[in-house]
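Worksheet for the structure shown next.
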Amino acid sequence: MTNEDTFSTIDHAINLETGKTIRVWETFPKDNSLVKNNTILIASGFARRMDHFAGLAEYLSSNGFHVIRYDSLHHVGLSSGNINEFSMTIGKKSLLTVIEWLKRRNINKFGLIAASLSARIAYDVANEIDLSFLVTAVGVVNLRDTLERALKYDYLQLPIEELPEDLDFEGHNLGSEIFVTDCFKHQWDTFNSTKNKMKDLNIPFIAFTANDDSWVKQNEVLELIESLNPEKCQLYSLIGSSHDLGENLVVLRNFYQSVTKAAIALDKGSLNLDINIIEPKFEDITSVTVKERRLKHNIESLELA
C-alpha cells in the first residue's frame with residue numbers, strides 16, 4: 001500500500017480461495033472537492049489496464065468522487081491469469097467479486113462506468129446488482145458483430161475444432177476455444193441477448209457512442225436505449241472519436257470531461273450534462289500517470305521475486 005499523503009492511488013489485493021488475486025486501486029476525493037454521494041467503480045475496456053484510466057480517476061476525484069478501479073482475472077494488468085484464458089464470464093465474475101469486496105467494506109452506493117467490451121459485461125449484470133447508476137462509453141452491444149469488425153472475420157461461424165488456437169485482438173492472443181465456447185454457452189454473442197439482459201433496467205443510465213466508431217453500430221445502441229425507460233436513460237455522442245478513446249489528447253479530454261459530467265449528473269439524479277466541472281491540471285494527470293506506472297512495475301517486480 002502506498003502513502004496516501006504523497007500519492008493518491010492506494011493498492012489493494014483481493015485474495016481468492018482459488019489462490020488467484022484481483023488487484024484493485026482506490027483513489028479518494030480531493031481534499032478541496034465537494035464529496036459526492038456515490039463511489040465510482042471503473043471497468044476498463046478489453047486490453048486496457050486500470051492504470052490506463054489514471055486520467056479519468058483524476059478527473060472524477062477532483063470532482064468529489066471516491067474512485068475504484070480493478071484489473072480482471074485472465075486479462076492484461078496486475079490480476080492473476082493470462083489473457084489467452086480470458087472469457088466474458090471470467091470478466092463478469094471479476095466484476096462481481098470486486099463489488100462484493102466493496103460491500104464488505106460498507107461501500108454500498110456506487111455507480112459503474114464501463115468501456116467497450118466491459119460495457120457488455122455491465123449490461124449483463126446491471127439488473128443483478130444494486131447499482132445507483134450506469135455509464136458506458138463505446139459500449140459493445142452486439143459482441144459477435146464487434147468481433148467480426150475488429151478481427152476482419154466472423155470466427156464465431158466456425159466449428160470449435162476449426163478455430164485457430166488464438167485470436168489476435170488488439171495485439172493480444174485471445175484463446176479462441178475458451179472465449180468462443182463461453183460466448184455461446186452463456187449467450188454473450190448477440191444483440192438480442194444484450195437487450196434481454198437490459199429490458200427491465202430501472203436505474204439511471206447514460207450511454208456514450210463515438211460518431212467514428214467502426215466497431216459498434218450506433219443504430220443498435222439507439223435501439224437498446226429506446227427499449228428502456230425514457231425517463232431514466234439518455235444517449236450522447238462523443239463527436240470526433242473512434243472506438244479508441246485514447247487515440248489523441250483532444251478525444252481523450254472529451255471522454256474525461258463527458259464521463260465526469262455524466263457521473264456528476266447521475267449522482268444527483270439528472271441526465272442533463274450541462275454541468276460545470278473542475279478540470280485537473282495536465283501536469284497533475286501526467287504526474288499521477290507516471291507514479292501509477294511506477295507502482296505497477298514495483299508490484300510486478302515483487303511478484304516475480
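Think of each number as a place in line: the chain as shown, counted from 1.
Quick reminder: no glycine exception, Cβ is built from N, Cα and C everywhere.
Under the heading active site, charge relay system, Swiss-Prot lists Ser116 (among others). Around the Cβ of Ser116 (active site, charge relay system), 25 further Cβ atoms fall within 10 Å across all displayed protein chains.
Marked as active site, charge relay system by Swiss-Prot on the basis of sequence analysis: Asp213 (among others). For Asp213 (active site, charge relay system), the same-chain residues 6+ apart in sequence whose C-beta sits under 8 angstroms from its C-beta are Val138, Ser241, Ser242, His243.
Swiss-Prot lists His243 (among others) with the feature active site, charge relay system. According to its DSSP assignment, His243 (active site, charge relay system) is coil.
Under the three-state DSSP scheme, Asp213 (active site, charge relay system) falls in the coil class.
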